[in-house]
């Protein structure tokens, strides 16, 4: 073998690897509902949290901004999914159970599975659907009690009152 011969011989099967057309990665819209984001997470606080870790050295100026945006998109995905689950079940409030079902149902949130595993299971129908407004009979009995006791005013007492 001469000193000018290449030491590594190219494999003909890998030589044409770069010429094969590769499919572009699939893009999923992080904000599919086009929710207008009016809140911003505090960039200075994010930077302070990042620098609190001893392993993190200097932080580029754009890094906390990118983390802030990622956090906004994460919250949209998580809370939006929980709101959809609440609508499916006919509820008007997003509960911990809705968040848990989103986390356990999506591979995207699998890192939260251990945390939501602590949320207790609730039986169907126990989500406040049984609560009803007071009827007229109950209101009438309360109004007679109110006539006996004068209502306390809100706020502090004035100098002349006791």
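The backbone N, Cα and C atoms fix where each Cβ goes, and this holds for glycine too.
Annotation source TrEMBL lists compositional bias 'Basic and acidic residues' at 1-10, 135-149. Among the features that TrEMBL reports, compositional bias 'Basic residues' is placed at 150-162. According to TrEMBL, the feature domain 'Transcription factor CBF/NF-Y/archaeal histone' maps to 40-103. According to TrEMBL, the feature region 'Disordered' maps to 1-33, 123-162.
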Number of helical, extended and coil residues in the domain 'Transcription factor CBF/NF-Y/archaeal histone' (40-103), per DSSP: 44 helix, 0 strand, 20 coil
Overall pLDDT for the domain 'Transcription factor CBF/NF-Y/archaeal histone' (40-103), taken as the rounded mean: 90
